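S.K.: Annotations per Swiss-Prot:
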BINDING   G389, P390, S391, G392, S393, G394, K395, T396  ATP binding site
DOMAIN    38-321  domain 'ABC transmembrane type-1'
DOMAIN    353-589  domain 'ABC transporter'
TRANSMEM  34-54  transmembrane segment
TRANSMEM  80-100  transmembrane segment
TRANSMEM  138-158  transmembrane segment
TRANSMEM  164-184  transmembrane segment
TRANSMEM  263-283  transmembrane segment
TRANSMEM  292-312  transmembrane segment
Amino acid sequence: MSVKPTLSKPIGGQDASSPAVVMRRLWPYVKPLVWVLVAGVLAMAAVAATEAGIPALLKPLLDHGFGSKGDMTTKLYVPAAVVGLALARAIAQYASGYLLQYVSNRILLDLRIQMFERMIHTGVSFFQRETASTVINAVVFEVNQVLSVLMGVTITLVRDSLTVVFLLGYLFYLNWRLTLIVAILLPCIGWLVGKINRRLRRLNREHQTLTNQLAYIVEETVGGYKVVKVHNGEPYEIGRFNELSRKLRGYSMRMTVSGGLAQPLTQFLASIALAVVLTIAVVQSANDQTTVGGFVAFVTAMLLIISPLKHLMDVNQPLQRGMTAAELIFGLIDEPREPEGGGKPLARASGAIEFSHVSFSYGMSRDGRQTLDDVSFTVAPGEMVALAGPSGSGKTTLVNLLPRFFDPSSGSVRVDGVALPEYSLRDLRNQIAMVSQDVVLFNDTIAANVAYGQAPERDRVEAALRAANLWETVTAMPDGIDTLVGDNGMRLSGGQRQRLAIARAIYKDAPILILDEATSALDSESERHVQAALETLMKGRTTLVIAHRLSTIERADRILVLEGGKIVESGSHRELLEQGGLYAHLHRIQFQQDAG
């Protein structure tokens, strides 16, 4: 069942976002640049004014400059005025383009930075709720859509509206009777073009959807090429690719048919308008009511007005696309931040941990059962406690409460006798190192990965790598600790990736360690190196470990056995085996698997 993304939501608590609401949200970003924006708009107004200048120069030239008896002054000043007008237009056009792009790029920078900062400071529940592609799309791509509304619609409304106003004003000045006729016919042209454009927009959306589906098929086939080949899936993949390609071709042809109608029909209706104007103009000229120059200037201005009118009619499409993008962007910006905590400083904890009647639920299940239910235990400084139990018993949820990825629904978690919310969140997390079975490495150097979150000190990096039994491997690499590990450490083996994650925890030197042991199979040599690195890491630290290896469980000072969100057994390895309960059952199953 598909789940509707929660990141995109109407802005300002409305049922649907409106341009006015979006502009109010954008105003704080625009305000520091308002005078730059005003200058850009004025430059656009100058560009619009020059549109009416061209037909205005044709009239005196045709009326007074042509023929042997033409006025010499008119013959000289009109060409000079054309050059001057073109120069003024070019300068104004460049100025408006530069100034508006300056505003656009500055707002883009501010929005992206704020979005990334908010994303990185949201709670863990946000990352569990939203897909990575949704967040990436919002931060990287959708910002451009909002700025397309801000700049594109602004340019269209200002430049083309002013162009229409100037040209209509000039038309009324030349001949108000003919202008009234044009004013009646032009909306008909606009209605027809708008209807064709609506169909084109729908076809474009469907075409884009099919294009994305086609790209996804290629991506799936390339990424899963081994499965495709082993299962002889080539005919299936070729079949669905060909089917979608044929659909795509059909939509392309329908777009060609619809798009091809727009220009001929527009030209046909414009020709009707022109024929009506010509007829009336001939009648008026017979009665000496118009001149050749006035007629040519009128027709030129009439033809020039069609393009900006079309742009104004098409403004709704980018506007609606921008509204959708704005909902995604401000949905991210409005996400609540993680709680900062009470601000109590914590330089270095002794490592004492206490869970007191802790309950937690991600959302009540149908039977009303919670993920953790009234869990209580203490861990002494330097003690190693292993968490065991079947899948879904609450082990990972329990350790996630310690760095405050989540807060308990009831009860409290304490470090050194102080409830976690009282500590500064940054100071609290400085006390905790975490090594997960899902190793996360960044596309950076080995040194940067080891010292992640801190400035790399080469001596400390070397010491951490030695302690993790990885130093000899690193020194054999061409660039040593400056070697790039690739996307999530793809240039390293599985065992090397795990040891690099352990080296990162050693470098942090936190008094509390959370260890989720890897279940992935390693060769015996890698297993030996990883086990030795873990022993070094756990030495002298308070350790909570979600144990998968028998050797780790047996070495723990105490084992807590969870089932259904409750601690059902507690004791040492030997004590729990003697009890013959759930732990003994799990141990027997794993021992048989290991023996097998």
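Positions of Cβ are set from backbone N, Cα and C atoms, glycine also.
Looking at the shown structure, what environment does each listed feature sit in?
M.R.: Sequence-distant contacts of G392 (ATP binding site), defined by Cβ-Cβ distance under 8 angstroms and a gap of at least six in the same chain, do not exist.
On the 0 to 100 pLDDT scale, the domain 'ABC transporter' (353-589) averages 87 in this prediction.
Nonlocal intrachain contacts for the transmembrane segment (34-54), taken as residues 6+ away from its ends with a CB within less than 8 angstroms of a stretch CB, comprise 82, 85, 88-89, 92-93, 95-96, 99-100, 102-103, 154-155, 158-163, 165-167, 169-170, 300-301, 304, 308.
Within the chain, the transmembrane segment (138-158) has long-range Cβ neighbours (under 8 A, six or more residues past its boundaries) at 7, 19, 22, 26, 30, 41, 44-45, 48, 96, 100-101, 103-104, 107-108, 111-112, 115-116, 119, 311-312, 315, 318-319, 321-326, 328-329, 331-332.
Same-chain residues lying 6 or more positions outside the transmembrane segment (164-184) and placing a CB less than 8 Å from one of its CB atoms are 48-49, 51-52, 55-56, 59, 273, 276-277, 280-281, 284, 290, 294, 297-298, 301-302, 304-305, 308-309, 312.
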S.K.: Neighbour count first, Cβ atoms within 10 Å, every protein chain included; then name which of S391, S393, T396 tops the list of binding-site residues.
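M.R.: Going through S391, S393, T396 one by one, the largest Cβ count within 10 Å is at S393.
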S.K.: Just going by other Cβ atoms within 10 Å, which of the binding-site residues G389, P390, G394 has the emptiest spot?
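M.R.: Per-residue Cβ counts within 10 Å for the binding-site residues G389, P390, G394 bottom out at P390.
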S.K.: Other than G389, P390, S391, G392, S393, G394, K395, T396 themselves, what residues in this chain have Cβ atoms within 8 Å of the centroid of the ATP site's Cβ atoms?
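M.R.: Here the nearby residues are L562, E563.
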S.K.: Reduced to three states, what secondary structure does DSSP give T396 (ATP binding site)?
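M.R.: It is helical.
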